[in-house]
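What follows is a short report on a single structure.
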């Protein structure tokens, strides 16, 4: 793709996100969603192959359906309130449709079907944008309509997402699909805490984006997309492979890594609000995610995949791609736990 065209498209994606975040008018929010969706598709199709085309088509159809649901909710709200302002959804049907549309855009269960397939079919750089930047817009709208959200519906979607995110990743060998199911589970954690403490949802979103960005940048540096190719990078880049595995464990929420912080704080906040059964179920289900991350770490470090690769240790002579942000992101993705007392300002 021509670099100038790519920059223009990327700026359009950012503009669409900005329009949604600063708007208080439903029509402008819908326009921002559409700009964002239509601009991301050429980025997903950077590599012209059938898989990228199919993934982009799936993404377009799913997001178009979600946009139609969103517009229907806006029109129902307009009929009952007579205003376009984002203040309150005046009808339960509008609230339900809006929540379902945003859940579909976020890739939450039971609307998660598109996330693994789309992520698997596109390049790593496009997958990074899809699983990080594209979550900002729906989350910002959920944050704005928080007083009107049906609590039972949003918590049901949350617990379903955490379960599907754990179960779906168990039999995967493709790293992009593992990241997609991890994203589904993290969306569940974020929306679960949203009704109780919206500020904590923002903290969780920041940590999630940091960890996911680190993972994708490490995958791009290692040129790995499967568990087999990850295990074979020990010979070439042992330090980078170690960072991949530590960050994976952080995403699973293993203490004392950064990924443990949001889970700990979310469970603590929910128990303070006399919700006991739901956080217990969430904590147990989160073990599924941790299990497949630990299994991946074990199989990569302590066992050797069947391979005809007889290459010797090349890491002393290999040159790696220079990535400026990677050291900072890696530190943030793994070592935030000692800073947890500072987060008492969220109380």
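Even glycines carry a Cβ here, placed using N, Cα and C.
From a predicted model like this one, the values you see are computed outputs, not experimental measurements.
If you check Swiss-Prot, you get these features:
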TRANSMEM  3-23  transmembrane segment
TRANSMEM  25-45  transmembrane segment
TRANSMEM  66-86  transmembrane segment
TRANSMEM  96-116  transmembrane segment
TRANSMEM  122-142  transmembrane segment
TRANSMEM  145-165  transmembrane segment
TRANSMEM  178-198  transmembrane segment
TRANSMEM  200-220  transmembrane segment
TRANSMEM  237-257  transmembrane segment
TRANSMEM  274-294  transmembrane segment
TRANSMEM  325-345  transmembrane segment
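Comparison of 3-23, 66-86, 145-165, 237-257 by number of C-beta pairs under 8 angstroms to the transmembrane segment (178-198) places 145-165 first.
Note: the stretches the transmembrane segment (274-294) and the transmembrane segment (145-165) are in contact (3+ CB pairs below 8 A, sequence gap of 6 or more). Across the candidate stretches 3-23, 237-257, 325-345, the maximum count of CB pairs under 8 A to the transmembrane segment (122-142) is reached by 3-23. Cβ atoms under 8 Å from those of the transmembrane segment (200-220) belong to residues 124-125, 127-128, 131-132, 135-136, 139, 143, 175, 179, 182-183, 186, 189-191, 193-194, 240, 243-244, 247-248, 250-251, 258-259, 261-262, 265-266, 269, 321, 323, 325-326, 329-330, 332-333, 336, 343, 346 of the same chain, restricted to positions at least 6 beyond its ends. Beyond its flanks by at least six residues, the transmembrane segment (145-165) meets 86, 88-89, 92, 95-96, 98-99, 103, 108-110, 112, 181-189, 191-192, 194-195, 198, 278, 281-282, 285-286, 288-289 of its own chain at Cβ-Cβ distances under 8 Å.
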